[in-house]
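Feature annotations, reproduced from TrEMBL:
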- C145: active site (ACT_SITE)
- H331: active site (ACT_SITE)
- N351: active site (ACT_SITE)
- 83-410: domain 'Calpain catalytic' (DOMAIN)
Amino acid sequence: MSSGFTHLTLNMLPCRSKKVSEKKDLNTPTLILWDANTKEDEKPDQHIETLGFHATEDLKKAMTSCRAQVEQISQECRKKNRRYRDIEFDLQNDAYRCLNTFWGAYLREPTGVQRVAEIFDKPGFFKKDGAPSSEDIIQGDIGDCWFLAALAAISAVPGLLEEICTARDEEVGVYGFVFHRDNGWKAVIIDDFLFTNTPKYEELTEEEKRLYHFDKDEYTRLSKGGKGSLTYAKSGAQGETWVPLIEKAYAKFYGNYDHLNGGWTGEAIEDLTGSFNLASLTCDILDLERFWTEELLKVNKDRVFSCSFNELSNKRNGKDDVRVQGLVGQHAYSVLRAKDYNGKRFLVIRNPWGESEWNGPWSDGSKEWTPEWHKLLIVLEHQFGDDGQFVMEYSDFLKCFQVVERTILLDNRWNLSSKWFQVPLPPPPAPWSYGDISYEFEIPEATRAVVVLSQLNQRFFQTIANLVTGFTLDFVMVKAGETKALDHACPDRPFCQSVSLELDLGPGKYRVYPRIDRYKYQEVDFDTAEALPWLFDWGWDGPEWVDQRELSRFIMSKIEANRVASNATNPTSKFTSLSLADVISRDETGETLNQKEKMTFLSRAFRHVTFKNSKSRKSAFGAFSSIEPYDIYQGLFQSDEPIVGLKVRFSGDGSYSR
């Protein structure tokens, strides 16, 4: 029996740094349910002063704990007359572990480690007006543009980043942050050591020392390079420290800096706000007018956006860096503003590199900026300069970017109830089917709701490749007692972390029926690989792995074909999937419901929400046994009994004859 934890690493769209890119993995299914306590047509606009966090009791506890820890550390350090050193994430004495993954490719080790006060003459957490700005963020030598683009996007929401950066004592060098993980908020405490590119004088070559006239004091004075000496993220404002420090806290949150390589901006915004993300492929948008008015024009009001497109191939031109009019593929951008002006639609977008901008129409200094359009700069709050921020028309935006990620920011009137299960799955290969698990929940009154089916955040352990199986989730939602689905939640890409539905629900019971598509490579014996050679990866001494997902598709296709014959037999006939109608019928009879969990909302409106977890199809229909290699071979290739059918087509009134 499989419980959902087995072999594999999955390739997601990486995020590009100037030097580094990596991959992302995902794991294990769960359900998250969001509810608001008013109907959509009665609900007023969300309050900007409370917007951003999904404010739960868990968040309050995490912030309280964070402040208490920082206060205690501050008092202890002052009593001992020393600065804080975080022995859990010690860049100076434990740099290798703080940098690198459990195994695999390793990051280039930075030249040095220094405290903030050693890097800057006059450091300060927030420098400009005491608040963060998207202009502050510049990416360094790691592929975490997805995270930095998230910081830029939410920096436009007043007070949000200041709350994430919960507590600090800059003199002692202790900083506290809060991030959201799976089903709760976590406090992360760090010191003020940062990786730098500044070597010690004694480490210089003789030629390098000669540049400073062999004067160590002169080298020390000149090499105190401020933001330019930082290895990873930095602020555009000299002496400002919040950007590298929150990046360090995020690296500690995920275990090391290398775990920040590659990702999706929406996932980072979920970590920062506890909200939910939905990605849209621009080629799938049905009504572009509606997407502009109902989505993009609401940027920074109750939602934030990011965008990206796949890396272009260089097979034809041989170039190392193929760009689209200055735009970089496999890289995250933040959407900062969207405005209608003089009959045109404009967006202000930012590259977290702090440079390398769009050079097409309406780029800085382009021919479109005639005198009558100069006022647009004020409307868009934009200035010319190579700072990574640029202007695009909506039409060009849709042509260039393939993915638009949208994250709804929730105010404190929203409530969360959730339940997580470890789901037993049939041994692979297994059909892609409903019935592995189903959820039932009850809502006492009409509400606007967001239902999210989520996997565990795998980034924390993504480099343990041989212990991880990837899953793609989708689900349908049905009201109890009915057979017609209310809606179907589909992933925007394979192996994404979650899928969701936003809909209005009346009072009553509802059921969620997921399908879990498992992507897994598994060790196999030589005889099987000899029979099915193209399904395997081969090592120097023979077959090593089989793509179980591809094998499952082969078997399902064969069985589906055989079903046209009423008397057909096949060694793989036990390899059957359940239709949605089968599973709904099963749950309507109550035949296999075996677990009932009561969840209590914190709000006054929702007192009780009930979750029921159905048994899996393993329990309901008998255990699935593994299909033997010989059965696979016989069922797919060795049958010498053809299936033959007679087709007769006719029209009802006999009007067509020949």
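Every residue, even glycine, has its Cβ placed from backbone N, Cα and C.
Under the DSSP three-state reduction, H331 (active site) is assigned to coil, being neither helix nor strand. Take the CB of C145 (active site) and look out to 10 A: across all protein chains shown you find 34 other CB atoms.
The Cβ neighbour count for H331 (active site), using a 10 Å radius over every protein chain in view, is 26. Across the domain 'Calpain catalytic' (83-410), mean pLDDT in this model comes to 90. In this structure, C145 (active site) is part of a helix by DSSP.
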